[in-house]
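Accompanying notes for the structure given below.
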Amino acid sequence: MSTFYTVLPILFLAIAGMIMLMSGVFTDRDHSFAITAASIVVLAIAARLLVAAPGGTIFHGLYQTNDFTRFADVLVALGAIGALALSVTFNRNIGITRFEFPVLVLFAVTGMVVLVSASDLITLYIGFEIQSLALYVLAAFARHNLRSSEAGLKYFVLGALSSGLLLYGISLVYGFAGTTNFAGIAHALAGHPTAAVGSTIGLVFVLVGLAFKISAAPFHMWTPDVYEGAPTSVTAFFATAPKIAVFALLLRVMLGPFGPVLGQWRDLVQIIAAASMVIGAIGAIRQTSIKRLMGYSSIGHMGYALMGLAAGTAAGVSGALIYLAIYLVMSLGTFGCIIAMSRGRQPVERIADLAGMASDDPRFAFVLAVMMWSMAGIPPLAGFFGKFYVFAAAINAGLGPLAVLGIITSVIAAFYYLRVIKVMYFDAGEPGLDRRSAGVSLVMGAAAAFTVLFVFHPSTLTTLSTMAAHALMTSQGF
């Protein structure tokens, strides 16, 4: 019976998605709003089921749940709920109000839940592909828009390449370790030097495939184009739930089956983290589109989170999880502001379009300013604490130079975040924006409240992240 309750959230998401798909297909009326609302309820129920699911390993080591997977799954569900709440008015305004949108989000989240809890390379790949197939369609969801079609094609081609590299890496690991089970791989690498050397080669390909999905440099080339070309409601989803799911998987893979060869991959992760922070900071400086700016910003944020992985300690994992949770809130708040940027029901995406917003719409300007300050890491906002925890973990693990580089790139990145604030408060511009929907206002308000008030009660998030990190790092986790 415990096995049933463990997989119940996945069954619930998949069955709910199929029911909504059938209801949309076999009814003549447009039920897109009702299906979107129902999807939000389904995700909330699924999050509750995921928290209540018993821990342990099932299906002969193919699937595992613990405090770490619960933490990541809840973040994924919250990201999807926020993205759906932001999508309703935006999709209607640009003419893509279709019931398939929330259904695809549900199927993508189903894949992410499988992904996060995978304890076998085969399960990992299945979850990876379930997620990817839904995301490919979402990227090109505005099929009559040239930029959206281009974004979908780029994401599909490069995503297929990353999947191929991942699968090739899995085959190499299986060839040298003789198993695809996480516990079996860890045992093989700890006891057989030859297997460790050969499997490390496969690990490089696995790491490349996963780095692509989180937009880590130098595998980031798709991110600015897809962020700009895809509908903003899709971009808001891409920037949150998929990145958290894949990053959680990355933590499990690197510190679980490949934990015994930490010394062989730590330098590579440091290089990827450093490259991501530098490219994210420098690449955004000359951007005029706020969506492309957010694309480069996400590259940098993944670099900071990778510092926690490079530390290879429980404190590093906890710091990375705290950073991801805060990044989730900041991203939803920022994309809520971007979705609210519309005049005459037409989206505006240039940073220059924000000119004069402080006088025309002071509440909007305040929320976006809070998000920008937080992403820049200015105390006492939540973004500062996210960086503080990963920097502290890196320094304690002997990665001082990487932490110093992180501080330098944070200063550089502050330039383009503050430029957005400068445009809103000091430049003259056009009349104000359209009236915001209740869903967008709710997401913006909740994100701003969390970002500002986090300093007064950080213990809840830090305690949960510490429990999750402990579950990942203990020997019984694998």
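Even glycines carry a Cβ here, placed using N, Cα and C.
Swiss-Prot annotations:
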| type | residues | note |
| --- | --- | --- |
| TRANSMEM | 6-26 | transmembrane segment |
| TRANSMEM | 33-53 | transmembrane segment |
| TRANSMEM | 71-91 | transmembrane segment |
| TRANSMEM | 99-119 | transmembrane segment |
| TRANSMEM | 156-176 | transmembrane segment |
| TRANSMEM | 193-212 | transmembrane segment |
| TRANSMEM | 244-264 | transmembrane segment |
| TRANSMEM | 265-285 | transmembrane segment |
| TRANSMEM | 299-319 | transmembrane segment |
| TRANSMEM | 321-341 | transmembrane segment |
| TRANSMEM | 388-408 | transmembrane segment |
| TRANSMEM | 438-458 | transmembrane segment |
Sequence-remote partners of the transmembrane segment (244-264) [C-beta within less than 8 Å, at least six residues beyond its ends]: 68-69, 72, 75-76, 79, 112-113, 115-116, 118-119, 124, 131, 182-183, 185-186, 189-190, 196, 199-200, 203, 206-207, 210-211, 213-214, 302, 305, 309, 312, 317, 320, 324, 328, 472-473, 477-478
Paired segments the transmembrane segment (438-458) and the transmembrane segment (321-341) in contact, 3+ CB pairs under 8 A: yes
Range from 6-26, 33-53, 71-91, 193-212, 388-408 with the greatest count of C-beta pairs under 8 A to the transmembrane segment (321-341): 71-91
Within-chain partners of the transmembrane segment (388-408) [C-beta distance under 8 Å, separation at least 6 from its ends]: 270, 273-274, 277-278, 303-305, 307-308, 310-313, 315-316, 318-320, 322-323, 462
Per Cβ pairs under 8 Å, the stretch of 33-53, 99-119, 265-285 packing most closely against the transmembrane segment (6-26): 99-119
Cβ contacts under 8 Å made by the transmembrane segment (71-91) with residues that lie 6+ beyond its boundaries: 9, 32-33, 36, 39-40, 43-44, 46-47, 50-51, 97-98, 101-102, 105-106, 108-109, 112-113, 116-117, 231-233, 236-237, 240-241, 244-245, 248, 321, 324-325, 328, 332, 335-336, 339, 342, 347, 436-437, 439-440, 442-443, 464-465, 467-468
Same-chain residues near the transmembrane segment (299-319), Cβ under 8 Å, at least 6 residues beyond its ends: 214-217, 220, 223, 243, 247, 250-251, 254-255, 262, 266, 269-270, 272-281, 283-284, 327, 375, 386-387, 389-394, 396-397, 399, 402-403, 406, 409, 413, 462, 465-466, 468-470, 472-473
